[in-house]
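Q: What TrEMBL lists as domain 'Orn/DAP/Arg decarboxylase 2 C-terminal' is 30-385. Among the features that TrEMBL reports, domain 'Orn/DAP/Arg decarboxylase 2 N-terminal' is placed at 35-295. According to TrEMBL, the N6-(pyridoxal phosphate)lysine annotation covers LYS60. Annotated pyridoxal 5'-phosphate binding site per TrEMBL: GLY239, GLU289, PRO290, GLY291, ARG292, TYR387, in sequence order. As annotated by TrEMBL, substrate binding site applies to ARG292, ARG328, TYR332, GLU359, TYR387.
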Amino acid sequence: MHRFHYNQGQLFCENVSLQSLAEKHGTPLYVYSKGTITDHFTRLDAALGELDHLICYAVKANSNLSVLSTIAKLGGGFDIVSAGELYRVIKAGGDASKCTFAGVGKTRDEIEYALSQGIYCFNAESEAELEFINEVAGKLGKKAPVAVRVNPNVDAKTHAKITTGKSENKFGIDFDRIGAVYARIANEMPNLIIKGLQMHIGSQLTSVDPFVEAVKKVSPLVAEMKEKYNLQFFSIGGGIGINYRQSLDSGDAGWWEKNSAEQHPLTIQKYADSVVPLLKPLGIRILCEPGRFMVGNAGALLTQVLFEKRGGAKIFKIVDAGMNDLIRPTLYEGWHQIVPLKQVEGEVEKVDIVGPICETGDYLAQDREVAPVKAGDYIAAMSAGAYGFSMASNYNTRPMPAEILVDDSQAHVVRDRQTLDDVLKGEHVV
Ligand SMILES: Cc1ncc(COP(=O)(O)O)c(C=O)c1O
Ligand SMILES: N[C@@H](CCCC[NH3+])C(=O)O
């Protein structure tokens with residue numbers, strides 16, 4: 001359930017009218033459905049029910065404190081990639097001992113901080129990093145729990161910029177080298193404790209096949225390392241794709257058939273039905289690191305149409321949200337459904353929805369058939385809950401938008417819109 005739907009011509013998130021939120025709080029504005037996040041967590045948790053498992057939500061997808069707190073209260077762990085993300089998890093009431101620390105470039109300060117907070121595991125991506133964690137832990141008189149990230153050289157068949165499990169990607173250690181790396185940890189790195197093995201082959205996977213291929217390829221290695229080094233967990237990473245084409249509970253169901261070129265995304269049941277039987281015989285704790293699946297369809301970016309410009313080649317609807325607020329369309333050709341907050345009468349038109357930023361790539365949609373919205377009307381870019389606000393910036397000295405978490409008929413402001421003083425904070429004239 002995505003919990004965004006039309007009711008009497010107005011778009012709602014749960015029981016809250018988005019038009020009323022836009023009018024009250026201004027735009028651009030991110031709105032999230034707590035019910036959707038809860039539903040997605042609960043469904044994934046149930047689908048993995050046959051396994052001893054821990055869902056470590058990938059904080060990078062949406063790191064709002066209230067989103068993290070929602071997941072922490074559901075019993076989730078977290079996959080972090082920086083000291084900052086760990087700091088957020090702790091501030092949100094999350095449990096450091098349920099955090100895995102990913103990333104190819106962890107610094108001394110970050111490792112020290114994570115050790116001091118007692119994280120569950122460092123997922124190490126190179127031998128140099130393992131040596132470094134060993135040294136840092138030794139200096140502190142601590143033992144660092146580690147897992148090695150294997151690069152299984154499997155094609156995730158997703159966008160090139162979000163593929164992570166091929167040999168030419170910077171992530172993980174080559175499959176053939178893994179046995180030797182565990183032997184090195186055991187023999188040469190006394191301040192490390194071998195905890196697990198991890199992989200993550202990419203993001204927005206829309207077919208289960210690459211997951212199956214990777215699990216099949218890596219499982220024998222897990223079994224061997226478990227036998228030799230008493231591994232406690234195998235993390236299968238994140239990457240479960242979502243359906244960007246159907247962000248509403250109803251209203252545009254026919255779209256999918258019209259655009260059959262795109263594969264039907266993975267359902268959570270398909271995912272679980274395919275991987276659980278492969279993982280169960282390993283008899284080991286399974287970690288899973290979903291980001292987008294948990295929050296992607298749970299969010300929308302609301303924006304107001306400022307002007308319309310009818311050029312020789314195109315019609316532009318100029319809106320008050322820019323690529324600094326939502327960079328996915330221009331960075332990954334990300335497709336977000338564009339819908340009016342109040343349904344309007346009239347023929348749809350093919351338009352570009354563009355922002356105020358001085359970049360040709362500043363658009364939310366190109367050549368898109370949308371309702372004939374006019375200046376002053378509000379529209380939403382749907383399924384913007386993942387990698388939306390978390391990738392936003394102050395480019396063009398634009399304040400970051402506010403964020404709202406809707407819980408049934410309550411709308412909570414979970415981040416204030418930045419003021420210009422907030423944007424300039426810490427900067428000095430010399
Ligand atoms: C190590 C790791 N785990 C989990 C994720 C979450 O991915 P997704 O949002 O596609 O589930 C990522 C991002 O791709 C990642 O790099
Ligand atoms: N930011 C990307 C996903 C990257 C996942 C992080 N490893 C997106 O919006 O699709």
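Every residue gets a Cβ built from N, Cα and C, even glycine.
Caution: TrEMBL annotation is automatic and unverified by curators.
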Q: Report the binding-site residues (GLY239, ARG328, TYR332, GLU359) that meet this criterion: Cβ distance to the nearest atom of ligand 1 under 6 Å. Use sequence order and write none if nothing qualifies.
A: GLY239
Q: Roughly how many Å separate the Cα of GLY291 (pyridoxal 5'-phosphate binding site) from that of the residue listed as 'N6-(pyridoxal phosphate)lysine', to the nearest whole number?
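A: Counting only the Cα atoms, the answer is 7 Å.
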Q: Restricting to the recorded positions LYS60, GLY239, GLU289, PRO290, ARG292, TYR387, which ones have a CA within 10 Å of the CA of ARG328 (substrate binding site)?
A: TYR387
Q: Across all the protein chains here, work out how many other Cβ atoms are within 10 Å of the Cβ of ARG328 (substrate binding site).
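A: The Cβ of ARG328 (substrate binding site) has 20 Cβ neighbours within 10 Å.
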Q: I need the neighbours of the pyridoxal 5'-phosphate site defined by GLY239, GLU289, PRO290, GLY291, ARG292, TYR387. Which other residues of that chain put their C-beta within 8 angstroms of the C-beta centroid, in sequence order?
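A: Counting only non-site residues, the set is ALA58, LYS60, ALA61, SER203, GLY238, ILE240, PHE293, MET294, ALA386.
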Q: May I ask for the distance between LYS60 (N6-(pyridoxal phosphate)lysine) and TYR387 (pyridoxal 5'-phosphate binding site), taken between their Cα atoms and rounded to an integer number of Å?
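A: About 7 Å separates the two Cα atoms.
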Q: Please go through the binding-site residues GLY239, ARG292, ARG328 one by one and keep those whose C-beta falls under 6 A from any atom of ligand 2; give the result in sequence order.
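A: Checking each Cβ against ligand 2, the ones under 6 Å are ARG328.
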Q: For the domain 'Orn/DAP/Arg decarboxylase 2 C-terminal' (30-385), would you mind checking the mean pLDDT of the predicted model?
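A: Taking every residue of the domain 'Orn/DAP/Arg decarboxylase 2 C-terminal' (30-385) together, the mean pLDDT is 94.
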Q: I'd like the number of other C-beta atoms within 10 A of the C-beta of TYR332 (substrate binding site), please.
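A: Result for TYR332 (substrate binding site): 16 other Cβ atoms within 10 Å.
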Q: Counting Cβ atoms within 10 Å of each candidate's own Cβ, which of the binding-site residues GLU289, GLU359 comes out highest?
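A: The residue with the most neighbouring Cβ atoms within 10 Å is GLU289.
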Q: Please compare the recorded positions LYS60, ARG292 by how many other CB atoms fall within 10 Å of each one's CB, and tell me which has the fewest.
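A: Lowest Cβ count within 10 Å among the recorded positions (LYS60, ARG292) is LYS60.
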Q: Find, among the binding-site residues listed as GLY239, PRO290, GLY291, the one whose Cβ has the highest number of other Cβ atoms within 10 Å in the structure shown.
A: GLY239
Q: Express in Å, rounded to the nearest integer, the largest CA to CA distance found among the pyridoxal 5'-phosphate-binding residues GLY239, GLU289, PRO290, GLY291, ARG292, TYR387 named in the record.
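A: Among the residues the record ties to pyridoxal 5'-phosphate, max Cα distance equals 15 Å.
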